[in-house]
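J.: After the structure tokens below, expect a handful of questions from me.
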Amino acid sequence: MPKKIHQPGGSLYCGVTLLGVLCLVVFRLIPGIPFGTYVMAERDHYHTIDDPNVPCNFYDTVNLTGHRLFPNGSYDYYGTIVPAELVGTYDYIHSSLTERIEVREHVRGCVCKFKSCLNICCPWRQVFNSEVDGCIIDHSDNRTWPDPPMLNITFRNESTILVNMFTQFAIQSFRPCPKMFSLQPETNNWDDYLLFENGSMLRVDDKLLIRKNEFCMVPTYVNESDMFYTIHPANCDMQDDHSTVKIINSYAMMFSIPFMMLTIAVYLLIPELRNQHGKSLVCYLIGLSVGYSSLCYVQLYQVDATGVTCKVFGYTAYFFFMGAYMWLSVISFDLWHNFRGTRGINRFQEKKRFLFYSLYSWGIALVFLAFTYCAQQLTNLPANLKPGIGDGVYCWLDMSNWAAMIYFYGPILAIVVANTIMFIMTAIKIHGVQREMARIIASENSTKNLRTEKDKRFYRAWSNYRFGLFLRLFLIMGITWLTELISYFVGSDKGWSKLFYISDLANAMQGFLIFMLFVMKKKVKHLITNRCSSVRDGSNQRQSQYSTKTTSSSVANLSLHEKPSVEKPLVISSSVDPQKTTIFR
């Protein structure tokens, strides 16, 4: 008897996958390693509101201490009236995009919620001094400051107008990063930039759109002999320690997408896998792959946030992500439904049920898309209640306020909770069925129920397979999304929030994990081998049929070209089988 060849099991692939994820996380945490040119600080988590008791996040506020207070609770901030409902008490400040410092309580106003803000690195007429690591008034500096400072601003109609910085914008004073460099287009052509009316900036050389709180305006000069300052933007240093989160996650998603495509192909081409679970998994992966592709495009190619392309990719990503989450709930429900002990259904009923699932998943995703689009484009809701897709700053959802909870994380939270409940109920049911079967097999009447040892082994294998399917689905599609939600609520300004880099990366690599756990299994690889063998055998059979057809046709053509004879009537070979020819075609 030949020796049985043992192939690598699922545990080995899981170990390799986990090792790869951990290596990527460690690589991401190494400081000073940029991915691409001019990578920016991580862009989503620092937009979350730190304290639910304040009206907006810190980066949309200005310090109102010392400014005029009106009886109705509003403030006058250099001619801009900040209403009372947008005024709050803060006991912290941010010294950079990722560092929070506790300070004495002071009043701040959300002026950026109703007027475009522009950030200056230091209070006006102060300069940054690296020795004291702060802003100072340099009395030895005799250079002249522009009064008033004039800037070329590009508006939505693509016109560029020279405007007074202080009248066009509400001025913030904040240094986004410890290490920064200024753009100087007078000396470097690659330092050209465009400032937009919403306070964002486009760096022309690499087409990078930078948000208002990711850069600041700074006084610059070209030569030491210059006696006047010119105002230009300063960017975060491309080797900032926190600069690679979004970039590495985007590349992880790009790495994951081909594995999703391979998994989809396997489950569509193998007949044994085209059951209800397989088709639901394919639909989930289609939604996830299109969503990942759209998100990678807007993050890596820096699409103009004011253009139509930005909106198209943003809403496309939103629709397919929501569709994927709906299919996630379908998978959980169908798994729970199958373990309830319901009677089997025929093929027609299965197709009907899949059609219902499809209408449910894509239909609800379409409803969410319509609701989100109307909220952004067709309503006069406050800016902090709009999703932010294609608003001139974001191509994806605006994570700077709790509106993201309404349009994205809220529905996901509901789905994850429902899925977790169904997973727990399914686990309880599986455990109960396994105990019952163990009792039956051990009983004296087991021969009446499972008459052969082969039947017993088959049911044990089936039960273990179902439990393994349940466990894989729960780990990949339940735990990872749950940690993503926790990561959103926690934010990234806490020291231990770096732990969520692992879950973020696991989510980005979900396609790779699914491929390893659902395709690189012994049974599935065996089905793939059988499928390839059957296709190869079918090809050989068709080639044989084609050879027979060619020979018969040659005889027929020879007979047709011969001159008919009375003594020898025309005979055309009947060996060409019309049915076989049709099959070949």
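Glycine residues also receive a Cβ, built from the backbone N, Cα and C atoms like all the rest.
From Swiss-Prot, here are the annotated features:
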type	residues	note
SIGNAL	1-32	signal peptide
TOPO_DOM	33-250	topological domain 'Extracellular'
DISULFID	Cys56-Cys110	disulfide bond
CARBOHYD	Asn63	N-linked glycosylation site
CARBOHYD	Asn72	N-linked glycosylation site
DISULFID	Cys112-Cys117	disulfide bond
DISULFID	Cys121-Cys216	disulfide bond
DISULFID	Cys122-Cys135	disulfide bond
CARBOHYD	Asn142	N-linked glycosylation site
CARBOHYD	Asn152	N-linked glycosylation site
CARBOHYD	Asn157	N-linked glycosylation site
DISULFID	Cys177-Cys236	disulfide bond
CARBOHYD	Asn198	N-linked glycosylation site
CARBOHYD	Asn223	N-linked glycosylation site
TRANSMEM	251-271	transmembrane segment
TOPO_DOM	272-280	topological domain 'Cytoplasmic'
TRANSMEM	281-301	transmembrane segment
TOPO_DOM	302-312	topological domain 'Extracellular'
TRANSMEM	313-333	transmembrane segment
TOPO_DOM	334-353	topological domain 'Cytoplasmic'
TRANSMEM	354-374	transmembrane segment
TOPO_DOM	375-404	topological domain 'Extracellular'
TRANSMEM	405-425	transmembrane segment
TOPO_DOM	426-466	topological domain 'Cytoplasmic'
TRANSMEM	467-487	transmembrane segment
TOPO_DOM	488-498	topological domain 'Extracellular'
TRANSMEM	499-519	transmembrane segment
TOPO_DOM	520-585	topological domain 'Cytoplasmic'
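So where do these features actually land, and what's packed around them?
T.: Other Cβ atoms within 10 Å of the Cβ of Cys56 (disulfide bond), summed over all protein chains shown, number 21.
In the three-state DSSP scheme, Asn63 (N-linked glycosylation site) falls into the strand class.
Non-local contacts of Asn72 (N-linked glycosylation site) by the CB criterion (under 8 A, 6+ apart in sequence, same chain) comprise Ala84.
According to its DSSP assignment, Cys117 (disulfide bond) is in a strand.
Less than 8 angstroms from the CB of Cys216 (disulfide bond) sit Asn119, Ile120, Cys121, Phe174, Arg175, Pro176, Met180, Pro233, Ala234, each of them six or more residues away in the same chain. According to its DSSP assignment, Cys216 (disulfide bond) is in a strand.
Under DSSP, Cys122 (disulfide bond) is assigned to coil, being neither helix nor strand in the three-state scheme.
Asn142 (N-linked glycosylation site) has a Cβ environment of 7 other Cβ atoms inside 10 Å.
Summarising the environment of Asn152 (N-linked glycosylation site), the number of other Cβ atoms within 10 Å of its Cβ, over all protein chains shown, is 11.
Packing around Asn157 (N-linked glycosylation site) is summarised by its Cβ count: 6 other Cβ atoms lie within 10 angstroms of its Cβ, all protein chains included. The DSSP secondary structure for Asn157 (N-linked glycosylation site) is coil.
Taking the Cβ of Cys236 (disulfide bond) as centre and 10 Å as the limit, one finds 25 other Cβ atoms among all the protein chains shown.
Under DSSP, Asn223 (N-linked glycosylation site) is assigned to coil, being neither helix nor strand in the three-state scheme.
Cβ atoms under 8 Å from those of the topological domain 'Cytoplasmic' (272-280) belong to residues 266, 327, 330-331, 334-335, 350, 353-354, 357, 469, 524, 527 of the same chain, restricted to positions at least 6 beyond its ends.
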J.: Take a look at 281-301, 313-333, 354-374, 499-519 and tell me which one has the most Cβ pairs under 8 Å to the transmembrane segment (405-425).
T.: 313-333
J.: Judged by the number of other CB atoms within 10 angstroms, which among Cys117, Cys122, Cys135, Cys177 is the least packed of the disulfide-bonded residues?
T.: Cys135
J.: Of Cys112, Cys121, which of the disulfide-bonded residues has the most Cβ neighbours inside 10 Å?
T.: Cys112
J.: Looking only at the topological domain 'Extracellular' (302-312), what is the mean pLDDT?
T.: 78
J.: Would you mind sorting out which of Asn63, Cys117, Asn142, Asn223, Cys236 (the recorded positions) have a C-alpha within 10 A of the one on Asn157 (N-linked glycosylation site)?
T.: none
J.: If you count CB neighbours within 10 Å, which one among the glycosylation sites Asn63, Asn198, Asn223 has the smallest count?
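T.: Lowest Cβ count within 10 Å among the glycosylation sites (Asn63, Asn198, Asn223) is Asn223.
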J.: Could you list the residues of the same chain, at least six apart in sequence, whose Cβ is under 8 A from the Cβ of Cys110 (disulfide bond)?
T.: Pro55, Cys56, Asp60, Thr61, Val82, Leu86, Val87, Gly88, Asn384
J.: Using DSSP, how many residues in the topological domain 'Cytoplasmic' (272-280) fall into helix, strand and coil?
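T.: So the topological domain 'Cytoplasmic' (272-280) is made up of 7 helix, 0 strand, 2 coil.
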